[in-house]
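Undergrad: Got a structure here, written out as structure tokens. Questions coming.
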Amino acid sequence: MTRQKLDVAALDALGALAEARGWRAARDAMFRGEAINTSERRAALHTALRAGGSRLPSPAPAAVRAEVAATLERMAHIADAVETGETAALGLPETVTDVVHVGIGGSDLGPRLAVEALAPYHTGRVRCHFLPNVDGDATSTLMRRLDPRRTLVLLVSKSFGTQETLLNGRALRAWLVAAHDGDAEAAARHFIAVSANVEAAVAFGVPRNHVLPMWDWVGGRYSLWSAVGLVIALAVGMPRFRELLEGAAHMDDHFREAPWQDNLPVLLALAGIWNRNALGYPSFAVIAYADRLRELYAHLQQVEMESLGKRVRADGGALADATVPVLWGGVGSNVQHAFFQALHQGTDVVPVDFVGVVRPDHALADNHDALLANLLAQAAALALGKTREEALAEASAGDAAAREALAVQRTFPGDRPSSVILLDALTPHSLGMLLALYEHKVFVQGCLWGVNAFDQWGVELGKTIASAILPALDGDAEAGAAFDPSTRALIEAIQARREAR
Ligand SMILES: O=P(O)(O)OC[C@H]1O[C@](O)(CO)[C@@H](O)[C@@H]1O
């Protein structure tokens, strides 16, 4: 259900634009595995990862489908072994009670969201922990709390070159080696890696038969459907993981079959384009009225902003329009008591996607009714607002001038757009559908804006500078001299305070 500020004529014009930009041909090229990620000369074939759950024949290359099937089999062996406690047969530790998933960005956000969202489906065989950040706080806390002999570490990095992941991996390796009295081989049994760079994972010390593949045709932010999602399979079991894939595949089928007028990803995309380009709204919020979807907006931040945060067209030409709005969000009803004031009466209009769940996984019906009532109320309040006359009728105290002043404060402009997405229940299947819905929304917007939604050159510069700063922080004066005055001053301030201790 949407309350977008679009009339039929505007929607038809946007649909005609999508048709003129060839969204259907572009979509089919993606599903076929053409190199649509032109700057990296790669396919974007995340849909092939879930094609097994599709009703439609997959146009992805047979070799790709075979690799996907083989990898799913390997994941199933591992997940089944963890569930039955027969891990030793796979060269893993005899007992596994805890799994630490080490990875960042796309190698973290999607899997973490899914593991949290599917809590009622957890088998309970293992506890799952996530270690995305290079901040040593979380790493050292985990090393204090967990029993290394019963811990399985998943090193998840498409490139196997990500600083945060490698540093945490090294810290955990040292912890495991120490727990095995210096026996590196025994410690290596605790590692599984998921990477497109198998040789780097092996060089790190992960046994070759513990490395699951990734491929250059899967973007990090689209990778939870691959072995990157092994932690999901460990948490909920492989049959549930396959249901997640199936849900996504059903959304793929809908995206492939439905005309734009009925096509949910296309309609979401067109509403977003209208809000951004016709109405000029600079941001967009996703509010889930479900605690278990608390990480949804964070995952979508990467899916939308890393994909569409581009300032030139895929062919290098200048863009005609602004691209991705800032995506932010949180969990309702908590955020009603935080930033909703600004959504209702602030000077900027922020379109909202409300995500709700009709049937909860608990018996507290009163709580759930209140949750849904809040969702519906917020969408209605944003749309309808409250006129000055209505506010005036409510203001009883004081003289006419005071009542008038109060009424102005209590007026809501309304006419603020939102969409409501309701899941029947939060299951592996519906979660798969929801996440694929947004992936395809992004695809359509990329198509209309003419940008490459599958590269992310904008994250490279900071990484390069951080590598160069490291030796300067360690006291290499020559390295420090190369930086701009602000960076130099900050490095010196940090060094001075370290020395002062
Ligand atoms: O899986 P990797 O190679 O460690 O990369 C992690 C993340 O880093 C990024 O490249 C951005 O820094 C993301 O696109 C990616 O999901």
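Any Cβ shown, glycine's included, is placed from N, Cα and C.
Got these off TrEMBL a minute ago, pasting:
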ACT_SITE  Glu306  active site, proton donor
ACT_SITE  His337  active site
ACT_SITE  Lys463  active site
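Provide an account of the burial state, proximal residues and distances for the features listed.
TA: Secondary structure at Glu306 (active site, proton donor), taken from DSSP and collapsed to helix, strand or coil, is helix. Cβ environment of Glu306 (active site, proton donor): Gly105, Arg221, Gln456, Gly458, Val459 lie under 8 Å away, each six or more residues apart in the same chain.
Within 10 Å of the C-beta atom of His337 (active site) sit 9 other C-beta atoms, taking all shown protein chains into account.
A helical conformation is recorded for Lys463 (active site) in the three-state DSSP classification.
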Undergrad: What are the non-local neighbours of Lys463 (active site), defined as same-chain residues 6+ apart in sequence with CB under 8 A from its CB?
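TA: Spatial neighbours, sequence-distant, of Lys463 (active site): Gln163.
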